[in-house]
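Asks: Quick paste from Swiss-Prot:
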type     : residues : note
SIGNAL   : 1-23     : signal peptide
DOMAIN   : 36-182   : domain 'FAS1'
CARBOHYD : 38       : N-linked glycosylation site
CARBOHYD : 57       : N-linked glycosylation site
CARBOHYD : 70       : N-linked glycosylation site
CARBOHYD : 142      : N-linked glycosylation site
CARBOHYD : 153      : N-linked glycosylation site
REGION   : 192-221  : region 'Disordered'
COMPBIAS : 192-212  : compositional bias 'Low complexity'
LIPID    : 222      : GPI-anchor amidated glycine
């Protein structure tokens, strides 16, 4: 009898506590905040990108990358030339560029979309960069290689280099190491001479004096003078002979 009463009491307690338990708010699941991606920290970890970091800072392109990375759903692909790549440039190459051209050079190393190495081989050349459209230029990159070996080359029309290891290859950012600075054809291509430009003219006196036609004219004039003088001498001699004969 006592055991039945005890069971009945336990059942009542259970029935009364169920509504209370159901009314309690469910604790929210812990949220994982996505930390912003720091491009400078990624490059510093590579230990060979001092010049690139300096250019990204002075041109403010590094700040632009940070903003876009944390606001775009397309991701981004960056090609990072090593310090040795910059050292291979002709002396004064960077200093010869204007501030705007330095910005274009940095933007040329950035594709506004995330690409894995295999994706680059499937991309339609030329692939647009962040510099595309500036000053009406194409500023595109061309990719070739072999999918089997995962080897990819990038060409600008001025230089071609192999894409080496990745400092990062996880959406939304891929950072690939390159051993040459990607020089855009719009800034470093062969400059042609404007058509229709008049050829330089030399002075008339010197050209006339040195030309074969001028020499012929001088010779012709000299011959004419000689023939005239000879005719006068012959005529005078005949005149003298006729006077002597009459006398």
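Heads up, the Cβ atoms here are built off N, Cα and C, so glycines get one too.
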Asks: Looking only at Cβ atoms, how many others are within 10 Å of the one on residue 142 (N-linked glycosylation site)?
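Replies: A 10 Å sphere around the Cβ of residue 142 (N-linked glycosylation site) contains 14 other Cβ atoms.
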Asks: Taking the Cβ of residue 153 (N-linked glycosylation site) as centre, how many other Cβ atoms lie within 10 Å?
Replies: 16
Asks: How many whole Å apart are the CA atoms of residue 142 (N-linked glycosylation site) and residue 153 (N-linked glycosylation site)?
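Replies: So the alpha carbons of residue 142 (N-linked glycosylation site) and residue 153 (N-linked glycosylation site) sit roughly 8 Å from each other.
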Asks: If I take the Cα of residue 70 (N-linked glycosylation site) as reference, which of the glycosylation sites 38, 57, 153 has the closest Cα?
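Replies: For residue 70 (N-linked glycosylation site), the closest Cα among 38, 57, 153 is found at 38.
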Asks: Restricting to the chain of residue 38 (N-linked glycosylation site) and a gap of 6 or more, list residues whose Cβ falls under 8 Å of its Cβ, or answer none.
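Replies: Spatial neighbours, sequence-distant, of residue 38 (N-linked glycosylation site): 66.
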Asks: Mean pLDDT across the domain 'FAS1' (36-182), rounded to an integer, is what?
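Replies: Computed over the domain 'FAS1' (36-182), the mean pLDDT is 95 on the 0 to 100 scale.
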Asks: Please give me the CB contact count at 10 A for residue 70 (N-linked glycosylation site), counting all chains in the structure.
Replies: 12
Asks: Return the count of C-beta atoms lying within 10 angstroms of the C-beta of residue 57 (N-linked glycosylation site), excluding that atom itself.
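Replies: I get 12 for this one.
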Asks: On the DSSP side of things, how many residues of the domain 'FAS1' (36-182) fall into helix, strand and coil, could you say?
Replies: 49 helix, 39 strand, 59 coil
Asks: Please report how many Å separate the Cα atom of residue 153 (N-linked glycosylation site) from that of residue 57 (N-linked glycosylation site), as a whole number.
Replies: 27
